[in-house]
Amino acid sequence: MAWNTNLRWRLPLTCLLLQAALVVLFGVFVRYSPDADAHWIEEKGSGNVSSDLDNEFYYRYPSFQDVHVMIFVGFGFLMTFLQRYGYSSVGFNFLLAAFGIQWALLMQGWLHSYHDGYIFVGVENLINADFCVGSVCVAFGALLGKVSPLQLLIMTLFQVTLFSVNEFILLSLLKVKDAGGSMTIHTFGAYFGLTVTWILYRPNLYQSKERQSAVYHSDLFAMIGTLFLWMYWPSFNSAVSNHGDAQHRAAINTYCSLAACVLTAVALSSALHKKGKLDMVHIQNATLAGGVAVGTAAEMMLTPYGSLIVGFICGIVSTLGFVYLTVALWGL
């Protein structure tokens, strides 16, 4: 009984301690950016700014909200495909994302926007924090049903830290272009999740293999997540691009790639099924591959037909991966 009592208090105490530490760190280091500070009215009055519409908020906030929906609704519901993991998928995703964005604001701030002893936070920082948490959500997908919420919080603490360092090396030191985070977000998150899964592997996990399937309603809820992700992915890939043609181009390229990916994934899913049926796993996941793959080059001159080719190839590769590679991995 004592052991159960101790276990019961671990999560509440951890959450409260982490939040208290974050409050202290925010109080010491975090301040509003010039665009969010009350001195904005003085900046406007000095003649350097012609209108409130020049505030960064009006350029970035719509994209921020789209990305925010992807993190909390899109990824949250996408994970509900397991028949007995619906509450945990949405709830744990909510928990780790809420903690992750706070820690990401600090970690990314120390590395990217630390001046005169302070981190200056604006709407673009919020988008980048969501990007960081997106990587955590990707890793969470490899750990469904294998970890407790306490373990997820610890994983998030380490992953956000490593993500921020990796992002700083790639984007700031090596000057790599990665508008949609194909490398920094999705690739890093995928391999981090696989690594944690390998570390936490237990021989008796095969006993719950039958629970790793879906039922009708769980697939339906997961499809809701897919649709939210699919609709908002152009915003995800263009959210932090430079204003003007680069941002416009990133949205168009992602839009085209996603559309082509859907048709290809549906075609392959049906062709590879013995009875010509569609597999919901393919429809839920392979249809998003076009948005992931085009992310790095989203703001480049791919041309619309080039984006369609990217989506076409990704639909093929992703569906084949689900059909053949997943089976091979189960055999390891």
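Glycine is no exception: its Cβ is also placed from the backbone N, Cα and C atoms.
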Range annotated as transmembrane segment - as stated in TrEMBL, picked from 13-32, 213-232: 213-232
Within-chain partners of the transmembrane segment (252-271) [C-beta distance under 8 Å, separation at least 6 from its ends]: 180, 230, 233-234, 236-238, 277-279, 282-283, 286-291, 293-295, 297-300, 302, 304, 306-312, 314-316, 318-320
Positions whose Cβ lies under 8 angstroms from the transmembrane segment (94-114), at least six residues beyond its ends: 15, 18, 22, 25-26, 29-30, 33, 71-72, 75-76, 120-121, 125-126, 128-130, 132-133, 136-137, 140, 149, 152-153, 155-157, 159-161, 163-165, 167-168, 172
Contact check, the transmembrane segment (180-201) vs the transmembrane segment (126-145), 3+ Cβ pairs under 8 Å, seq sep 6+: yes
Tertiary contacts of the transmembrane segment (213-232), as residues 6+ beyond its ends and Cβ separation under 8 Å: 66-67, 69-70, 73-83, 86, 258, 262, 280-281, 283-285, 287-288, 291
Average model confidence [pLDDT] within the domain 'Ammonium transporter AmtB-like' (54-325): 93
